Amino acid sequence: MYKGKLITFEGIDGCGKTTQINLLKEYLLIKGYNAIILREPGGTSIGEEIRKILLYNKNYIYPVTEALLYAASRAQLLAEIIIPALDEGKIIIMDRFVDSSLVYQGYARGLGMEKVMEINRIATYGIKPDLTIFFDITPENALTRRKTRKQNDRFEEENMEFYEKVYEGYHKLINLEPERFVVINAMEDITMVQKSIINIINKII
């Protein structure tokens with residue numbers, strides 16, 4: 001049992017989770033908690049190199065290669081940063097974790113969630129989030145938000161059919177593990193979403 005907490009934020013691209021992650025970190029630091037933000041893929045020197053390949057490479061990446069690269073970045077991040085931080089009692093706020101691989105590569109890419117989970121059983125060292133906050137927004141509304149961005153990565157340029165599968169995949173996961181997930185209405189204004197998240201977080205820390 002680790003002294004720290006692992007809190008993951010999930011949702012389709014354009015859901016607003018990155019904004020809320022930064023607001024939550026600010027709140028936790030004001031309250032005196034030792035909190036760190038990490039992202040996937042990335043968070044380590046090796047992970048950031050893998051991130052460039054996954055998000056900005058112009059060559060075709062096969063789904064299984066994609067899943068393995070995400071798992072490699074994740075394994076490095078856990079061993080190098082997450083596990084030591086949990087041992088030290090830190091609160092870790094993750095911008096994506098295993099659930100993203102399950103829905104993006106496992107469900108939307110068609111590899112199968114069980115196959116992707118098997119890969120990640122090795123990569124995660126048995127670590128599971130204490131809480132996962134899912135930002136619920138329709139693929140259509142998320143697309144509208146993504147259009148305002150200056151630069152989109154490989155995933156953000158995927159078509160609507162892909163994101164409909166991602167959205168469906170997330171809800172399948174939520175139904176499988178309702179005790180871990182908390183669903184947030186991501187269409188509410190930033191302040192309302194922030195208040196909802198703080199109320200949830202205060203119950204577990």
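Counting begins at 1 with the first residue displayed.
Cβ atoms here come from the backbone N, Cα and C positions, even for glycine.
Annotated domain 'Thymidylate kinase-like' per TrEMBL: 9-197, in sequence order.
Packing around Thr18 (ATP binding site) is summarised by its Cβ count: 16 other Cβ atoms lie within 10 angstroms of its Cβ, all protein chains included. In the three-state DSSP reading, Thr18 (ATP binding site) counts as helix. The feature ATP binding site is assigned by TrEMBL to Gly11, Ile12, Asp13, Gly14, Cys15, Gly16, Lys17, Thr18.
Each of the binding-site residues Ile12, Cys15 was scored by other CB atoms within 10 A of its CB, and the lowest score goes to Cys15. Sequence-distant neighbours of Asp13 (ATP binding site) (same chain, 6+ apart, CB under 8 A from its CB) are Ala142, Arg146, Phe155, Glu156, Tyr163. Just so you know, of the binding-site residues Gly11, Gly14, Gly16, Lys17, the Cβ with the fewest other Cβ atoms around it within 10 Å is the one at Gly16.
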